[in-house]
Amino acid sequence: MASRVDIEEGGNGRKPRGAAENSTAFDYGHVSVGESEWTSWVVPMFVVANVAMFIVAMYVNNCPANPNPYGSCVARFLRRLSFQPFRQNPLLGPSSSTLEKLGALEWNRVVHEHQGWRLLTCIWLHAGVIHLLANMLSLVFIGIRLEQQFGFVRIAAIYLISGLGGSVLSSLFIRNSISVGASGALFGLLGAMLSELITNWTIYTNKFAALMTLLFIIAINLALGILPHVDNFAHIGGFMTGFLLGFVLLVRPRFGWYESRMLPHERKPRSKYMAYQWILAAIAFCLFVVGFSVGLTMLFKGENANERCHWCRYLSCVPTSRWTCGN
């Protein structure tokens with residue numbers, strides 16, 4: 001779950017973006033024989049990189065060296081790596097000022113200080129141990145299976161570009177706080193799983209059960225995003241990016257293609273892919289290019305998407321009698 005917790009009360013704190021919690025990759029059935037399984041290495045490498053960046057953030061944070069009005073550091077036996085006071089950051093992590101220093105997403109810095117690199121660096125930072133564990137467990141459950149099926153190049157591309165898509169949409173709607181976390185990238189993998197199932201529909205067994213299960217997982221995780229302090233715009237932006245990329249990058253050959261290689265030429269299928277797969281890929285690619293172009297143009301022109309869509313704020317937080325929603 002991606003959160004928008006203000007990890008410094010009254011400061012410029014914000015919104016760690018979390019994972020699609022409790023999500024797992026699952027089998028849809030048997031695909032055509034002849035496909036080899038890849039060895040997953042890029043997803044474990046992403047996990048190591050995220051953990052390493054968290055350690056770096058804690059080292060830079062150096063809680064004991066900075067007097068804090070919220071109380072004493074948590075787990076002081078860790079010395080320089082000890083956590084900020086629980087009242088300041090309940091996720092057990094660094095301060096928001098440390099995260100901002102290391103590359104957290106912040107609208108003003110991206111637009112007015114020309115620090116567009118923050119759109120990508122923010123996905124490698126996490127607000128705390130709880131935030132990091134939730135994201136990395138989800139990445140392992142979702143990413144390893146996808147990488148084994150489709151290879152590191154395509155899965156790494158979907159992960160990184162989806163993270164960027166989540167950052168762009170988040171920046172268009174949220175201006176007054178910083179944002180960190182890999183939820184846009186993780187929701188991109190969920191979106192790619194859905195489009196992969198749709199475009200390769202004919203080669204799977206148990207397809208309806210798989211579709212209902214996947215839609216349920218996605219709906220639950222997006223629904224959690226309407227709670228306060230959760231950056232659901234990063235979820236939605238990443239999901240839509242991954243969903244479109246899945247039609248383009250995760251297309252499988254038509255049923256029986258691998259087996260047909262042993263048949264006489266006149267009995268082989270005319271095309272490796274079916275017509276509807278080409279059509280879906282073309283439409284998705286066009287929508288992806290247009291969507292990214294419009295989003296980046298609006299962002300760097302400094303436009304506020306809330307002014308174009310007044311009800312969209314409810315996609316990230318729905319106010320109730322128990323809590324209020326702020327930007």
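Each Cβ is built from the backbone N, Cα and C atoms, and glycine gets one as well.
As written in TrEMBL, here are the features:
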- 41-60: transmembrane segment (TRANSMEM)
- 114-250: domain 'Peptidase S54 rhomboid' (DOMAIN)
- 123-144: transmembrane segment (TRANSMEM)
- 156-174: transmembrane segment (TRANSMEM)
- 180-201: transmembrane segment (TRANSMEM)
- 208-227: transmembrane segment (TRANSMEM)
- 233-252: transmembrane segment (TRANSMEM)
- 273-300: transmembrane segment (TRANSMEM)
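For the transmembrane segment (156-174), the list of distant contacts is 4, 14-15, 17, 42, 46, 105, 107, 110-111, 118-120, 122-123, 143, 182-185, 187-189, 191-192, 231, 233-242, 245-246, 249-250, 292, 295-296, 298-299, 303-306, 312-313, 316, 327: same-chain residues at least six beyond its ends, Cβ to Cβ under 8 Å.
Under DSSP, the residues of the domain 'Peptidase S54 rhomboid' (114-250) split into helix, strand and coil as follows: 107 helix, 3 strand, 27 coil. Residues 78, 80-83, 93-94, 98-99, 101-102, 124-126, 129, 132, 135-136, 139-140, 143-144, 147, 152, 155-156, 159, 182 of the same chain, all 6+ positions outside the transmembrane segment (41-60), place their C-beta atoms under 8 angstroms from a C-beta of that stretch. Across the domain 'Peptidase S54 rhomboid' (114-250), the prediction's mean pLDDT works out to 89.
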